Amino acid sequence: MSATVDGRTARWQSHREERRRELIKSARKAVHRLGSEASMEDIAGAAGTSKSVFYRYFGDKAGLQQAMGEVVLGQMQRRMQEAAQSAQTPREGLLAMVSAYLQMAESSPNVYAFITRLSPGEASAQDAIAASGALGNFFEQITDMIATPMREHLGEEKEAVIVYWPTAAIGLVRNAGEMWLGSPASSTKPDQATMAGRITDWLCLGIAPELKTTT
């Protein structure tokens with residue numbers, strides 16, 4: 001009897017996990033098409049199901065953002081790791097990671113905004129999404145990815161640089177990247193490759209080269 005119950009429980013759990021993956025996939029497509037401000041009702045309608053189904057699986061919109069973030073940011077992290085592993089120098093590694101980040105974000109700005117920002121009226125969920133959830137874990141992992149080769153090249157005597165610089169770098173990449181992503185197309189907006197190169201230069205050299213050309 002116990003084995004029968006355990007088998008049913010396992011099958012039900014497997015079914016539930018599969019259904020959850022399907023809902024996340026459908027929601028991702030809906031947000032990509034409808035925009036980052038799409039409501040749960042809009043998302044459910046596009047997925048061909050009811051809003052109550054999404055609430056049953058994710059609790060609320062913040063829960064859906066968290067679940068989708070785990071999937072999307074996991075894919076982004078793997079892409080960045082693969083890009084960095086093929087690099088020959090630290091600078092090439094940074095450029096590869098920045099390029100992969102911008103490419104993934106640019107592939108669906110709506111989805112990126114949905115998993116990294118809160119909708120109006122949901123400020124109470126800020127910590128869960130932006131700090132301790134999928135997004136916080138993503139940036140922690142990327143910080144470690146940057147710090148590891150730095151430690152190998154600089155040694156323990158540069159521990160202060162190794163500890164603080166990757167965190168500062170993440171802030172620069174994210175804020176510059178999101179501003180670029182949200183800027184309307186224009187003749188002065190850099191393309192993805194140019195923007196990745198500029199961010200990498202700022203990380204490696206700062207703005208000293210630009211300042212020298214104006215003096």
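Residue 1 is the first one shown; counting continues down the chain.
Using N, Cα and C of the backbone, Cβ positions are placed for all residues, glycine too.
Unlike curated records, TrEMBL annotations are generated automatically.
Listed in TrEMBL for this protein:
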| type | residues | note |
| --- | --- | --- |
| DOMAIN | 17-76 | domain 'HTH tetR-type' |
| DNA_BIND | 39-58 | DNA-binding region |
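Break the DNA-binding region (39-58) down by DSSP state and the numbers are 16 helix, 0 strand, 4 coil. Over the domain 'HTH tetR-type' (17-76), the average per-residue pLDDT in this prediction is 94.
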